[in-house]
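Asker: Mind having a look at this structure? Questions to follow.
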Amino acid sequence: MRLILLGPPGAGKGTQAASIVEKYHIPHISTGDIFRYNIKQGTELGKKAKSYMDQGLLVPDEVVVEIVEDRLKKEDCENGFLLDGFPRTVVQAEALDKALVDMNISLDKVINIQVDKERLIERAVGRRICRECGATFHVQYNPSTKGALCDQCGGELYQRDDDNEETVTRRIEVYLSETTPLVEYYSSQNKLVTIDGDKKINEVFANIVTSLGSDL
């Protein structure tokens, strides 16, 4: 199963990604992770990417595609993969399509998790994180039974500085402006499946599995 996962910040993408890779026995490929890996290992691609980042420049699409393509050629991707965080633009999507053709493979589906903007803001603004163990809670949907302390370790819960309405709204708007053309691109290829992310976690996953033509 060769998949791409799309979804705005706060849509629960990370949770669903973990379930998808476990069910289909495929690697979860996050562009952030493979960038960090290549830079840490000092690979040629890592050095190339770092040279742009050190200057405060965006890494060009061709370098990003090269790094992703290199990762997709690894042995653990033989039975598929879940791409997360790439592509972000139609130009990157076209470059990825070309790279996949060169590798004699193609995408199966692009999963687009949708949640209303108001609900995304509500989710982010109510999020609380433990300073000690990193556990995540929500004041409304998943509160700690210990109030301002973590259920798991008793650590202090705090709200991230960027989990405020203004910043979250801006993040969502940037995401939508980038991703709307991408959604249209994959829709025109009949590869897009849109999933309502405003349901219980297990319901969202069940809908993803059904959309991929599988059984739970």
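Backbone N, Cα and C atoms are what each Cβ position is placed from, and that goes for glycine too.
Below are the features I grabbed from Swiss-Prot:
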type: BINDING; residues: Gly10, Ala11, Gly12, Lys13, Gly14, Thr15, Arg127, Thr136, Phe137, Lys199; note: ATP binding site
type: BINDING; residues: Thr31, Arg36, Leu57, Leu58, Val59, Gly85, Phe86, Pro87, Arg88, Gln92, Arg160, Arg171; note: AMP binding site
type: BINDING; residues: Cys130, Cys133, Cys150, Cys153; note: Zn(2+) binding site
type: REGION; residues: 30-59; note: region 'NMP'
type: REGION; residues: 126-163; note: region 'LID'
Asker: Mind computing the max CA-CA distance among Thr31, Arg36, Leu57, Leu58, Val59, Gly85, Phe86, Pro87, Arg88, Gln92, Arg160, Arg171, which the record assigns to AMP binding, rounded to whole Å?
Answerer: 31
Asker: What is the one among the binding-site residues Val59, Cys153 whose Cβ has the most other Cβ atoms less than or equal to 10 Å away?
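Answerer: Result for the most crowded candidate: Val59.
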Asker: Among all chains shown, work out which of the binding-site residues Arg88, Arg127, Arg160 has the most CB atoms within 10 A of its CB.
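Answerer: Result for the most crowded candidate: Arg127.
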Asker: Identify, among the binding-site residues Gly10, Gly12, Gly14, the residue whose Cβ has the fewest other Cβ atoms within 10 Å in this structure.
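Answerer: Comparing Cβ neighbours within 10 Å for the binding-site residues Gly10, Gly12, Gly14, Gly14 has the fewest.
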Asker: In sequence order, what residues of the same chain, 6+ apart, have a Cβ less than 8 Å from the Cβ of Cys130 (Zn(2+) binding site)?
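Answerer: Residues satisfying the criterion: Thr136, Phe137, Cys150, Gln152, Cys153, Gly155, Glu156, Leu157.
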Asker: With helix taken as DSSP H, G or I, strand as E or B and everything else coil, how many residues of the region 'NMP' (30-59) land in each class?
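Answerer: Reading the DSSP string over the region 'NMP' (30-59) gives 21 helix, 1 strand, 8 coil.
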Asker: Could you tell me which of these binding-site residues, Leu57, Cys133, Cys150, has the greatest number of Cβ atoms within 10 Å of its own Cβ?
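Answerer: The largest 10 Å Cβ neighbour count belongs to Cys150.
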Asker: In sequence order, which same-chain residues at least six apart have a C-beta under 8 angstroms from Phe86 (AMP binding site)?
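Answerer: The answer is Ile4, Thr31, Val64, Val68, Gln92, Leu96.
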Asker: What's the number of neighbouring CB atoms sitting within 10 A of the CB on Thr31 (AMP binding site)?
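Answerer: Looking across every protein chain shown, the total is 19.
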Asker: Name the one residue among Leu57, Val59, Arg88, Cys133, Arg160 whose Cα is closest in three-dimensional space to that of Gly10 (ATP binding site); these are the binding-site residues.
Answerer: Arg160
Asker: Taking only the Cα atoms, work out how far Arg160 (AMP binding site) lies from Cys133 (Zn(2+) binding site), in Å, as a whole number.
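Answerer: Computed Cα spacing between Arg160 (AMP binding site) and Cys133 (Zn(2+) binding site) is 15 Å.
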Asker: Take the mean position of the Cβ atoms of Cys130, Cys133, Cys150, Cys153, the recorded Zn(2+) site. Which other residues of that chain put their Cβ within 8 Å of it?
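Answerer: After dropping the recorded site residues, what remains is Arg131, Glu132, Gly134, Ala135, Asp151, Gln152, Gly154, Gly155, Leu157.
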Asker: What does the structure give for the C-alpha distance between Gly14 (ATP binding site) and Cys133 (Zn(2+) binding site)? Integer Å is fine.
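Answerer: Distance between the two Cα atoms comes out at 18 Å.
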Asker: When the pLDDT values for the region 'NMP' (30-59) are averaged, what is the result?
Answerer: 93
